[in-house]
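Notes for the one structure printed next.
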């Protein structure tokens, strides 16, 4: 059987009138919808049952046939087929138009596809379609040519006749005038009377002459128009057209409206046109060539595919199924209807009126007006508001047309296809669940009962608590006691998914094993809050239930929170102790001098004290109150491994479990080390947050995930336990103001006064004064901070919280207790009056007021940032969604070089960015040390141990595989991508690395600052664009705001300065032509860089520059870098620049994520010369396609195409994707669909988005083909294990029960009759 959901590609094209009639189940003839009295659809109307199917299941309109047994019968009275009512969602109708109309998408879109095809300007096209001008559709050249002389002779005769008539009339008039004058003379009339008569006569003669001349001109115009008449010629003058029609009607044909367009398309020779355009492109130049290129794109589209251009002119309009444009009755007897019904009604009304007018034989002008109105109503139906004023409904609201139903966030694509609501889900407020294990969550009983309802009902029936499903449902709804036991059983081992919006990265949805809890709030494990970015101030989370066995397996294996400890962005653990836990562990591992029971060496009069033979003994002493947790003691340890240096010294053969050694430490640290996995070296340090992070990091590298999960859980429990016992609380009494604050401020006040005096005397200008004041008050704030620091005791709770790294920083403490210091105004400049009060003392009114500026700007910024960052993520996901790991190894030899360390003198300095560049990559070549020994071989994964080995061998840089050089056609290969950051192993085939990359870059986007910073100072430096705007600028490949020129060649520079500009000339090393950079603004300052001698200084006259080097401060234009240095360099440049922005904010993202996006930006090639290939010059194609086609042509002995790589911004790259579904659901929906339909585009369904839209499994992860034929089948053992009797062997009454076999209890075979 053919499965409707099983297809490999989806094609879109133009529908012809025949297609529309084939889809249709009948013609809609009347504009009526529903009879308001009977509420039944009108016959032949927009909701007609005969066309679209019955409104009730198995029931015809007149009620003759009811019930399912008449299935498929067509009622002879009302003509309705007896079938299911849901066919009203799929059956279409159509409207037969009395006159053809054009499709607005192809006429009005930019560029106008109809205009390009017919070579007509859009303005002219509009005149023709809307009946403002006639167009010539055909001319019989041969007949005209043959009979031209005859016609010319006729024309000459006609002209002669007019001239003769004119002469005769003039002659007669002249004679009459003469006679009149004679008569007047005889009568002796006055001279002015005579003059009047003469003037009148002459005027009349002039009029005669003019009239004749006009007629002659008219004839000339008609003749010249006729001799030059050509198809596609516009005639705006109606009278001229009428004359031509009357005189020479048999030599040409012309018309107006869509009919004429239809005729033009029918007679259009596509192949001939394509050939002539190709010819123009080969030999033409300038504008002509460009226009030919653009036209060829449209013409070639119709030439190569099965599309007929006739589809752009419609003879029939499809009517979509009525259930998709419903009409519902409101209370009060009124109806609410979809806008489409109104638009359809207008079309039907005008069409019917037009038919009637044509039948009546109405005058042409009236018919044309009606045709124009029909055209406009069809335009409004397809895309309301695209041309002219939109059609409005009640309350002047534009009606939503078919195009509007697809567009935008509320359109079909984004609202219903990409984001659906799902069943088996719920949401509630979250509270903390400190007693949970990392893989558990607390689910409220009532919510669990509702979610697991079907499972509970089935199990109730299985266990014979209920006879049938109906009674089971009643039991569940009444919450009978048995239900809760069954719920416990059903819920065990069935993971649920928790999600917190906004889901910025994949850790925003994780799986947990539910534990039933009282109350109505979901309990969340404290360690996963970081990943969800959740806190407990009223956040809500949604719960989803994976139903099928496969879904549960995926949830458990791939999504369980204990398997997602590492961040996919940086590969470092996210499930770290934070806040209270950090404070607790910090308190536990602190060492306090002179605390109770501390170690004292032996003296004359007393033996040594504070020495313990085992941790147990020390704990006993603590319980008795003889020893403090934080006192320094000596203790003999046998179960904990000594630190590396002690192990090397004491146990040369290596330490084994049980070997004793003595540690000088505190009891707290011993307790802490007992939480770590066995065999982990003893950590004898105070546990600052950074140290804790380093330990967990190390665990993640060395131990399996399960061990790490257990360890962080233990750390969490210990952290909370000791945080409670530490008694760290914050009260007003803990905020201490340093006593010397006043004295410090007075000193600086005096300095500020002296600056103010100098300013008033005119020694300083305003800028200098402000700068000096800012400097003074910054120093003052700094000094108050230092005084504060020295004044605070070590055990102050606020200091403990800050020093342990739990939360907050010293600046906040200074604001609370010292002074707030300088604040900024809305422009981002410092206000030179500081806020001298601390929050503890309280601010004055003025201070409060100037502080509000900065605070409000912060809030506004955050709101804007969130939206911007979300949009950036959306574009990134869209551009990279089809990057999936498709194979294990593409076997390329290429790679990129990364730096591991720098040689400074004789020692190696480890590169600080090694974590995000070399870490987790695969080596492309063997790493060889100075003696030629292979340290790490090719294809090896660079983890921390491998990197340490390379550094120990003195290797400074290595060549690694990268997605930038991957040779896989679609997607990337696992070796080039390297290790998956989230699992710490080589990435799996099917992993959607593109989306992971987009999320990793987008998720920290909110932390990036919005502001473009100003460099302080008099020099008036240009803005430094930083933060989110800079990241967008890079990914969109825009020309940067402060663009810096780069050296086109390597050579020496000559620098000339004028008062406003620099002029830089580069004299190339190879003796080529000099390159001149003129008019470089001096505001942009020269670049500081390392010169050949190793010094860092400004660029000066006579310096040597390398190709691609920046000459001024600012950012290089990536398009320039591509032009000068090629694709590889521009990729590295973009990665580096994006990383700079993120590193400035302290965000750690691995380079490989940025590389994935950059790879997508450089996927395409512009064809310069098509050679023997099918490509059109000037068009964009995928690099892979380009290379394949060239190989094929070369193999056949043809000329390959020439192309150059282009850098596209992410928005443009998303819209240029091969998949029209993905592009249409991204932006500019109508434009993308118009283009796809004309080109008859086919979507191969390779990305994720396309498959989500049509409801198939996505081709990533377990949805990839190689995993699709795996089925889950429960085995007998698994069934047995599911419901075993709990074993009682180790209890007191084991003999009575016998051995538990673990076999399933065959409950189905028991007879329960006697129990009832």
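Backbone N, Cα and C define each Cβ position, glycine as well.
The region 'Disordered' annotation in Swiss-Prot falls on one of the ranges 156-182, 183-209, 210-236, namely 183-209.
Proximity of distant same-chain residues to the region 'Disordered' (183-209), defined by a Cβ-Cβ separation under 8 Å and at least 6 residues beyond the stretch ends, is recorded for 166, 169-170, 173-174, 176-177.
Counting in whole angstrom, residue 535 (Mg(2+) binding site) lies 59 from residue 60 (Zn(2+) 1 binding site) by their C-alpha atoms. Apart from 890, 966, 973, 976, the residues listed for Zn(2+) 2, the same chain places the Cβ atoms of 887, 889, 892, 961, 963, 965, 967, 968, 972, 974, 975, 977 within 8 Å of the centroid of those Cβ atoms. With DSSP classes pooled into helix, strand and coil, the tally for the region 'Disordered' (183-209) is 24 helix, 0 strand, 3 coil.
Considering only the binding-site residues 537, 539, the Cβ with the fewest other Cβ atoms within 10 Å is that of 537.
For the recorded Zn(2+) 1 site, residues 60, 62, 75, 78 set the reference point as the centre of their Cβ atoms, and the other residues of that chain within 8 Å of it by Cβ are 61, 63, 64, 65, 76, 77, 79, 80. Within 8 A of the CB centroid of the Mg(2+) site residues 535, 537, 539, the other residues of that chain are 430, 534, 536, 538. Each of the binding-site residues 60, 62, 976 was ranked by the number of other C-beta atoms within 10 Å, and first place falls to 976. Here residue 973 (Zn(2+) 2 binding site) is compared against the binding-site residues 60, 75, 78, and the shortest C-alpha distance is to 60. Ranked by CA distance from residue 75 (Zn(2+) 1 binding site), the binding-site residues 537, 539, 890, 966, 976 have 539 at the top as the closest.
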